[in-house]
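Undergrad: Mind having a look at this structure? Questions to follow.
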Amino acid sequence: MSDNPASLAHLHSRTFLLPQEDIDTDQIIPARFLTTTTQDGLGKLAFHDWRYDEDGKARDDCALNTLDTGEFAILVAGRNFGCGSSREHAPWALHDFGVRAVISSEIADIFRSNAAKNNIVPILAPPHSHAWLLEHEGVEVKIDLERQYVDLGNGPGFHFEIEPFAKHCLIEGTDPLGFLLSHSDDITAYEACSA
Amino acid sequence: MSPDDSTPRSLFDKVWDAHQVKAETAETPGVLYIDLHLIHEVTSPQAFSALAARGLKVRRPDRTLATIDHSTPTLDFKAGEAPPYATRAAQLQVERLEVNAASNSIPLHGWGSEYRGVVHVMGPELGATQPGMTVVCGDSHTATHGAFGALAFGIGTTEVGHVLASQCLLQRKPKSLRVTVNGRPGRGVSAKDIVLAIIARLGIDGGTGSVIEYAGEAIEALDMEGRMTVCNMSIEAGARAGMIAPDETTFAWLKGRKLAPKGAAWDEAVTRWSQLASDPGARFDREIEMDASEIAPMVTWGTAPDTGISIGGHVPDARSASHQKALDYMQFEAGQPIAGTKVNQVFIGSCTNSRITDLRQAAEIMRGRQVAPGVRALVVPGSVQVRQQAEAEGLDQIFVAAGAQWRQPGCSMCIAMNGDRGEAGELVVSTSNRNFEGRQGPGARTVLASPATAAAAAVTGLITDPRSLMEPAHV
């Protein structure tokens, strides 16, 4: 077990669904909000143009506006979630909104890398489990990151792949920069060789 | 180093191997050295804050190069006056980069620099981007620099901090995918049409987890600007990077640029760069082939960049709920011809298509014609250098005489952060790279196209095959 209080070794929550395929980072947080110089408080901008009309009024027909992410912290999304830009504002916004894991049948590379660095577990589900999740909104899901297993109760649970170092960092709260800087001598030696 | 020097290696393998500080293991990713780190105002401030919070310094400011492009206005302003920022936040963000660059001794091509420009136009133009390098930037279109045979990819802000602090990244080796485009395209078919066809073939996630090498006669025949256009859009097929083997075209383009090697160092570099091309028999995880002669001018019908169809084609039937949503957003009916659609705005610019050859192609169509009534056309050069070159050639006069707006360099309407944007419901024919919902402004509908097709849309007010406006001499 981890001593890390923010550890995502075990995550037990309910799902909310965004079944659309190819949800890009411009949907997750529109570019016009990227003039910020901090990473705090972006949750209110998550899926902004889905949640609010042109006058900034919350849309009644958008379920995201009444979602309690304290209870529903696992986003199940259509194929290829997070495609598009490299903006880390996307996982910053999702985390602040309350998302702790994203499950899809495909997750875009840069988003996947950014998510894992911001305490969101990116999980690729096999097609039948993904389809089942998309048909069962709000189910209770247990994610065991240690064993890399998602328990869907009555549904088709599944094992998932995650890059071992990203998993280690998510569980232990290890800072990758610290790990990188522990190679300073190697970096200096490389620079001396290639100069 | 390759474990066995006789094993044929790809261009990607060679660049990857040469930058391994520490090889990856089952438990940990490898440490990859970064030769060139490009930064801009939008994705860097939080990285500098993270460094400052830990008391870390920028390891190699000499391998870091900054510019301002995303949040900057493209409107004219007089020397000594404040730039007309769209918002106070945009101004503060640019000023933050100015402070961060100055306090870390990072060269910044900001206001007043003759090299200011869209980051992926500036790097190559300076000769900072060179074959065989690793190049990163907090921007997904960093793959542009792969046109020079560099391994170039976009990173998040946490990783921007990693590179600032260590000049390295933790990486596992991606898969490889070779896209070979055989033959020659017909007249009026540009690099943009080729890459839109490639993306339509691969699909928006067809390149996920991969580095693409573009090869074949049609790729080799492209000029450097065209190669940059192709590599630029690799991310639109989900790929980490796109690369093209450096050759005489590459060397001729680079020679004499400000930061390119000079004298004996140049000759030595060319010898080294000439070894980078993929060895015969190099293995790729996946390969596809296409025929350039089958590619027509392309336009997109949907809200993802893989929805390109030939300009003479029809909007396809919806294959899924997501497709139907895209049709509804774009206000297209399945089965309708895409040509003839009414256009409200035209944007010629972006890191995909704002270089001098792009502007020449657009000017050729607009020469002696008028922007159609009710259409707003913006021409935004990619850099101060491009703008000056275009003015030296009189291209600005062609655009202005046609009734288009000739702007200062920047990302402008590609990302619509600086006040340049489409209005809700407007149809924008754009030479940029993304047609996502709201990308060019809430409710704006984007059709991606080449510079020639965008110019044809401007002067006819409709989505129009540019070949119908080309001089017979051009055939």
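Even glycines carry a Cβ here, placed using N, Cα and C.
Checked TrEMBL, it gives:
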BINDING   B:C351, B:C411, B:C414  [4Fe-4S] cluster binding site
Undergrad: I want to verify one value. Collapsing DSSP to three states, which class is B:C351 ([4Fe-4S] cluster binding site)?
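TA: DSSP call for B:C351 ([4Fe-4S] cluster binding site): coil, neither helix nor strand.
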Undergrad: For each of B:C351, B:C411, count the other CB atoms within 10 A of its CB; which of these binding-site residues has the top count?
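TA: When each Cβ's neighbours within 10 Å are tallied, B:C411 tops the list.
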Undergrad: Centre the Cβ atoms of B:C351, B:C411, B:C414, go out 8 Å, and tell me which other residues of that chain have a Cβ in range of the [4Fe-4S] cluster site.
TA: B:D69, B:H70, B:V118, B:H120, B:H141, B:G349, B:S350, B:T352, B:S354, B:G410, B:S412, B:I415, B:S432, B:N433
Undergrad: Around B:C414 ([4Fe-4S] cluster binding site), how many other C-beta atoms are within 10 angstroms of its C-beta?
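TA: If we count other Cβ atoms within 10 Å of B:C414 ([4Fe-4S] cluster binding site), we arrive at 29.
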Undergrad: Once the DSSP letters are reduced so that anything not helix or strand counts as coil, what is B:C411 ([4Fe-4S] cluster binding site)?
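TA: DSSP call for B:C411 ([4Fe-4S] cluster binding site): coil, neither helix nor strand.
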